[in-house]
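Chemist: Below you will find the structure I want to go over with you.
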Amino acid sequence: MVENLLKVHGSGNTFYLYETADETAMDWFKFGEWLCRKSNDGGADGLLLVAPSNVATAKMRVINADGSEASMCGNGLRCVARYVLERENKTSCIIETMKANLLVTEEPSLMNEIPTYAVQIAPVSFELATLPMNYNAQHTLIDECIPPFSMDIRFTAVSVPNPHLIGLVSKEEILSAAHQQQLASMLNGENDYTPDGVNVSYMYPIGQQEIYVRTFERGVGFTNACGTAMTASALVATLLHLVEEGTITVFNPGGFVKCEVKNNNGEYHLRLIGNATFIAHYSFEHVNDKWTLNKDRETNEQHAYQALIDFTASKLSALA
Ligand SMILES: N[C@@H](CCC[C@H](N)C(=O)O)C(=O)O
């Protein structure tokens, strides 16, 4: 049987999005790992599965490119939000994710009529046990130097609820990816600190209420952007007094998003606002235990998104 799927992106973080009526229909881990291979029209960073929910309008599951499952995906949830809201002809709804039921809404366009959506990011915890992460029997890790990781970068660990380690770095450290690559590879292999791996982001403040974030994602590697990492970094930037609570623009290698951070005495309210771009329509078949993928047609949405890429490039050229 021929089935349809979409290729989508949020800030250049790419996914195949597939809706199923039956969550038991396939081995999603194998399917996700296969789909995300470069040989499948350039592959993707993950598979977003949209399934029926008993408690919300729909359920989202996230399979990383290596076939592992993540509890949350901010950029992916914006794309799923658009898919479900267009299907339901609504402007807001609740989407079930692995650890929380989250509010998603359609928003005014960020730029150039680019479809824009906001998603709630929750629950938030600084308890190391929630990542999980082990370090010196500590309960939290906030703005601390960890000598085996780096002698000068200060790190904060937070789950939203997927696990993030965020380093505040200098302009020089953001320009070279080598240290981040080495640390993230170590923390996503067999190691004593992060038994389930961790998303590792390097953050650099670039202006008033503006930060830059680059992420090495667990289960993927470097991506153009990671929505949960950008939102977690915006939160950390407020705690470190690099920016103020409210709306923070987060630039990334694939564009920019807006993150809203509110802190009611340690109760954090986070929202991620950004593009949800549908790149192309595909079909696939599963015959004799083999999948085949065909690209049916491209949308023209990437042309509109180019304006946001151009704006980001001109903004960031001042960084280099
Ligand atoms: N790209 C996502 C995060 C996807 C999951 C992550 N790799 C993990 O394993 O936690 C985002 O936009 O948040």
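Glycine too: its Cβ is placed from the backbone N, Cα and C atoms.
Copied straight from TrEMBL:
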- Asn13, Asn64, Gly74, Asn75, Asn162, Asn199, Glu217, Arg218, Gly227, Thr228: substrate binding site (BINDING)
- Cys73: active site, proton donor (ACT_SITE)
- Cys73: active site (ACT_SITE)
- Cys226: active site, proton acceptor (ACT_SITE)
Chemist: Which site among Asn13, Asn162 has the most other CB atoms no more than 10 Å from its CB, taking these as binding-site residues?
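Modeler: Counting Cβ neighbours within 10 Å, the top one is Asn13.
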Chemist: Among the active-site residues listed here, Cys73, Cys226, whose Cβ has the fewest other Cβ atoms inside 10 Å?
Modeler: Cys73
Chemist: Enter the number of other CB atoms within 10 angstroms of the CB of Gly74 (substrate binding site).
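Modeler: Around Gly74 (substrate binding site), other Cβ atoms within 10 Å: 29.
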Chemist: Beyond the listed site residues Asn13, Asn64, Gly74, Asn75, Asn162, Asn199, Glu217, Arg218, Gly227, Thr228, identify every same-chain residue whose Cβ lies within 8 Å of the center of their Cβ atoms for the substrate site.
Modeler: Val62, Ala70, Met72, Cys73, Gly76, Thr215, Val220, Thr223, Cys226, Ala229
Chemist: Measure from the Cβ of Glu217 (substrate binding site) and count the other Cβ atoms within 10 Å, all protein chains considered.
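Modeler: Within a 10 Å radius of the Cβ of Glu217 (substrate binding site) lie 29 other Cβ atoms.
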Chemist: Looking only at Asn13, Asn64, Gly74, Asn75, Asn162, Asn199, Glu217, Arg218, Gly227, Thr228, which the record lists for substrate, tell me the maximum pairwise CA distance in angstrom.
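Modeler: Per the listed residues, the maximum Cα distance equals 16 Å.
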Chemist: Which whole-number value in Å describes the distance between the Cα atoms of Glu217 (substrate binding site) and the residue listed as 'active site, proton acceptor'?
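Modeler: Cα-Cα, rounded: 7 Å.
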Chemist: To the nearest whole angstrom, what is the C-alpha distance linking Cys73 (active site, proton donor) and Asn162 (substrate binding site)?
Modeler: 8
Chemist: What does DSSP say about Gly74 (substrate binding site): helix, strand or coil?
Modeler: helix
Chemist: Should Gly227 (substrate binding site) be counted as helix, strand, or coil on the basis of DSSP?
Modeler: helix
